[in-house]
């Protein structure tokens, strides 16, 4: 019997197993075909006999000038500081919420900045003495009270305002009676009563008793 390709035996009854003498590498599995064999390769290998390791770095997967290291069915990028995986995306350094006490975080490359509204320090953890940056009086004669988020100036008698810059006018219209003149003083007022007397010039002097 003249057997067709793939068969043997006296009566061509035997299927030739081409995988018996196959040369697939240890990284491939032999599949018997009718006329030949093929090698099914494991991940990370290629070639007719699965003896060639695939270089995953040939596709240039690493960004920003990073170095690619070929592995078995994988690769690794040695990224610049602040990047990860394929070195394309910047690591979010604000993800851990490093800014305290209401501070807002701005992500940088391998770093971050905290904008601190009420505190100081890299992570807004240090209390700010408001009286240092907001002095009530350059000469230091007015007492400043630190209130953490703001400050208060303890004004001397006779002054008011945020920095005690406004003198208090103690003379209110109509305070001194009968047309007398009000004189503003640092700690109060005085009425020039003319022919009258009393704190507010409200008492008429009885000239008959003089």
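These residue numbers are counts, starting from 1, taken along the chain as shown.
Even glycines carry a Cβ here, placed using N, Cα and C.
Annotations in TrEMBL come from automatic prediction, not curation.
Features as listed in TrEMBL:
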type     : residues : note
DOMAIN   : 1-13     : domain 'EGF-like'
DISULFID : 3-12     : disulfide bond
DOMAIN   : 15-51    : domain 'EGF-like'
DISULFID : 41-50    : disulfide bond
DOMAIN   : 53-88    : domain 'EGF-like'
DOMAIN   : 90-125   : domain 'EGF-like'
DOMAIN   : 127-165  : domain 'EGF-like'
DISULFID : 136-153  : disulfide bond
DISULFID : 155-164  : disulfide bond
DOMAIN   : 167-202  : domain 'EGF-like'
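It is 50 that, of the disulfide-bonded residues 50, 164, has its Cβ surrounded by the most other Cβ atoms within 10 Å.
Note on the domain 'EGF-like' (90-125): DSSP counts are 0 helix, 13 strand, 23 coil. Comparing C-alpha positions, residue 155 (disulfide bond) sits nearest to 136 among the disulfide-bonded residues 3, 12, 41, 50, 136. Candidate disulfide-bonded residues: 3, 41, 136. Nearest to residue 164 (disulfide bond) by Cα distance: 136. Residues 42-46, 108-111 of the same chain, all 6+ positions outside the domain 'EGF-like' (53-88), place their C-beta atoms under 8 angstroms from a C-beta of that stretch. Confidence in the domain 'EGF-like' (90-125), given as mean pLDDT, stands at 89. Across the fold, the C-alpha of residue 153 (disulfide bond) and the C-alpha of residue 41 (disulfide bond) stand 82 Å from each other. On the backbone, the CA of residue 41 (disulfide bond) and the CA of residue 3 (disulfide bond) stand 31 Å apart.
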